[in-house]
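According to Swiss-Prot, the protein has these features:
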TOPO_DOM  25-308  topological domain 'Extracellular'
REGION    25-114  region 'Alpha-1'
CARBOHYD  N110  N-linked glycosylation site
REGION    115-206  region 'Alpha-2'
DISULFID  C125-C192  disulfide bond
DISULFID  C227-C283  disulfide bond
TOPO_DOM  333-366  topological domain 'Cytoplasmic'
Amino acid sequence: MRVTAPRTLLLLLSGGLALTETWAGSHSLRYFDTAVSRPGRREPRFISVGYVDDTQFVRFDSDAASPRGEPRAPWVEQEGPEYWDRETQKYKRQAQADRVSLRNLRGYYNQSEDGSHTLQWMYGCDLGPDGRLLRGYGQSAYDGKDYIALNEDLRSWTAADTAAQITQRKWEAAREAEQLRAYLEGKRVESCRRYLENGKETLQRTECPKTHMTHHPVSDHEATLRCWALAFYPAEITLTWQRDGEDQIQDTELVETRPAGDGTFQKWAAVVVPSGQEQRYTCHVQHEGLPEPLTLRWKPTSQPTIPIVGIVAGLAVLAVLAVLGAVVTAMMCRRKSSGGKGGSCSQAACSNSAQGSDESLIACKA
């Protein structure tokens with residue numbers, strides 16, 4: 001492996017440098033790279049995206065009309081032409097390293113040139129509130145299966161199979177882990193620090209979750225209660241179901257936190273309960289933007305007893321009130337800060353319903 005381009009996703013960052021200021025909570029810098037071989041075409045397609053705290057800030061696509069590193073967040077647009085030139089060259093070197101790796105891997109697995117194959121890398125680091133390294137990580141996959149990963153000590157590798165052991169022996173002989181560790185403890189942490197400072201108005205803000213609960217009959221005897229948390233930032237959140245005060249971890253269906261498409265995140269957790277026993281279950285929501293955890297309990301709606309005309313008129317009034325309420329809630333819940341931990345939003349406001357450019361990375365080849 002050569003110390004040049006940021007190579008495919010196994011590089012992770014790390015570092016032990018202190019920041020000159022303190023940030024709320026931990027922060028992360030992650031890159032996701034994908035190289036896909038295409039039979040009949042000379043070069044595989046290479047795509048790389050970078051995230052700071054789960055917010056995409058950069059992208060590169062080798063199939064673009066003019067392949068270059070492209071900004072995906074306003075705060076990174078302030079970087080000058082030299083930065084983007086270095087980024088573009090970095091991605092091109094990385095793409096070339098992945099092309100070589102794809103060819104090598106095809107040989108390791110005794111595969112023909114007829115099929116399409118995929119090499120993926122994920123690498124990154126987490127920094128603490130003081131800007132020091134909490135952990136570094138990196139892992140790769142070939143055709144959707146684990147291949148090789150850097151261990152937590154940042155000094156050794158774990159191979160998933162005998163083919164990956166070939167790569168492991170190559171990298172151990174070349175002392176790649178040592179080079180990688182030294183690189184990560186320097187430039188990667190510096191880059192993360194700079195991104196957090198430049199994007200602090202966005203990256204260090206807090207938006208508390210909008211929550212509600214839904215009820216879905218499964219049969220005559222059971223129903224699903226689903227606890228929703230929407231429009232929150234940062235992405236870290238905890239949803240917990242309890243029955244009579246006891247956690248229902250084994251019986252909870254929990255989806256991964258996912259982007260909402262507007263810079264915020266959403267998540268839900270569900271539990272199947274016996275019909276008529278819904279009141280025994282509560283959902284507990286914890287998030288940095290909340291002054292204290294929220295507790296939600298299902299409240300069944302009463303049957304309508306007013307005339308249909310009254311219903312229509314009432315809905316019209318409620319629609320107006322809902323718009324006004326949403327504006328007020330948004331004003332109360334949205335907080336942009338440059339450091340303080342914890343939100344300024346109240347439980348009532350937040351609950352909708354109680355129901356550094358890298359001059360080089362390590363372009364290692366498998």
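Using N, Cα and C of the backbone, Cβ positions are placed for all residues, glycine too.
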Secondary structure at the residue listed as 'N-linked glycosylation site', reduced by DSSP to three states: coil
Averaged pLDDT score, the topological domain 'Extracellular' (25-308): 91
C227 (disulfide bond) to C192 (disulfide bond) - Cα separation in whole Å: 34
Cα-nearest neighbour of C283 (disulfide bond) within the listed recorded positions, N110, C125, C192: C125
Local backbone state of C192 (disulfide bond), from DSSP in three classes: helix
Spatial separation of the residue listed as 'N-linked glycosylation site' from C192 (disulfide bond) - C-alpha basis, Å: 40
Distance, C125 (disulfide bond) to the residue listed as 'N-linked glycosylation site' (CA atoms, angstrom): 34
Residues in the region 'Alpha-2' (115-206) grouped by DSSP into helix, strand and remaining coil: 39 helix, 30 strand, 23 coil
Number of Cβ atoms other than its own within 10 Å, given for the residue listed as 'N-linked glycosylation site': 7
